[in-house]
Amino acid sequence: MSRSLTIRRPDDWHVHFRDGAMMQAVVPFTAAQFARAIAMPNLVPPVTTAAEAVAYRDRILSAVPAGVKFEPLMVAYLTDGIDPAELRKGFESRAWVAAKLYPAKATTNSAHGVTDIKKIMPALAEMAKIGMPLLIHGEVTDQDVDIFDREAVFLSEILAPLVEALPDLKIVLEHATTEEAVNFVRSRPKNMGCTITAHHLAFNRNAIFQGGIRPHFYCLPVAKREKHRLALRDAATSGDPRFFLGTDSAPHLAKAKENACGCAGLFTAPAAVEAYVQVFAEEGKLDNFEAFASLNGPNFYGLPLNEERITLRPGSRFVAATIPAADQHLVPYLAGEDVRWEIV
Ligand code: DOR
Ligand code: ZN
């Protein structure tokens, strides 16, 4: 494994920066690796107007270290009462590039999310008309549905009828975790994209319970069984233009994760590109890494490719055991481990 790899600078099509001191701590990690990133809008309160998106973008930019070139791409948070005209206004003025559907109470800061997809059909119809992508957290929230089945049930009960009703709507199924999701995306020849996280490619649900309960492996959608991880690896490394990089890096303070009711989310930004390229190397698919990391995303969103290049080479880089944030600390993904690739 001595090969080095030069690719266009990657983008992260799904990341959580939070706000305030946490944002100041985490933005530099993403900006160090990626040219652009889709900044998720699940703040408290959520980003629901174009003006709020512009203000949030400015706050993120204030956390980018001097001399680093980085562009945050903003997203509207869909609520039951979202105004289709506001979505259009923000899209046309480039305040945001997409809108995110969080089913209400599906995950972190989703209390203002959508309680019933019927309530936002006028907004989604408007988005289809103007070519504004819909980004989806694809899990049903019915507590009677087993947590490991919530993505698959969402696909059949919500997403399948939605793509029939609005075939022109561009959709990204975010952080896919199942074979069913991969098959669903592959069955749609048009208007369908899908992000896959590095961590869902790297471990299955056993990691959450390895020798005891391990909160730093808990995220939503929760990791599934091994056959699903293998399906995700096959999709991500295939070169299929529908699949692209989205870390879902989601920082929570260590004390909020190491808790009787720990928060969902892995802070993967510090070694994100290294974690992904490792998977492509293991699969013997390094030739497809640039498509997944740097081409498929911008092509889906209709944005220009990055002109800058980065070189990755086999090596060794230590990931810190903890990272200071907001007067406390975060435990990153791969904390205290050596990753086997480095960015030159
Ligand atoms: O694990 C997760 N964390 N999944 C999500 O959908 C949200 C995210 C967060 O914001 O913490
Ligand atoms: Zn997310």
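Cβ atoms are placed via backbone N, Cα and C, with glycine included.
TrEMBL lists HIS14, HIS16, ASP248 as Zn(2+) 1-binding residues, and of the candidates LYS89, LYS100, LYS105, LYS170 the one it assigns to that same site is LYS100.
Among HIS175, HIS199, only HIS175 appears in TrEMBL as part of the Zn(2+) 2 site alongside LYS100, HIS137. The substrate site recorded in TrEMBL includes HIS16, PHE17, ARG18, ASN42, HIS137, LEU220, ALA264, and the single candidate from HIS228, HIS252 that the record places there is HIS252. Using a 10 Å radius centred on the Cβ of ALA264 (substrate binding site) and all shown protein chains, the other Cβ atoms total 16. In terms of C-alpha distance, the listed recorded positions LYS100, HIS175, ASP248 place ASP248 closest to PHE17 (substrate binding site). Within 10 Å of HIS16 (Zn(2+) 1 binding site), counting C-alpha to C-alpha distances, fall the following of the recorded positions ASN42, HIS137, HIS175, LEU220, ASP248, ALA264: ASN42, ASP248. DSSP assigns HIS14 (Zn(2+) 1 binding site) to a strand in the three-state reduction. Ligand 2 lies under 6 Å from the Cβ of ASP248, out of the recorded positions LYS100, HIS137, LEU220, ASP248.
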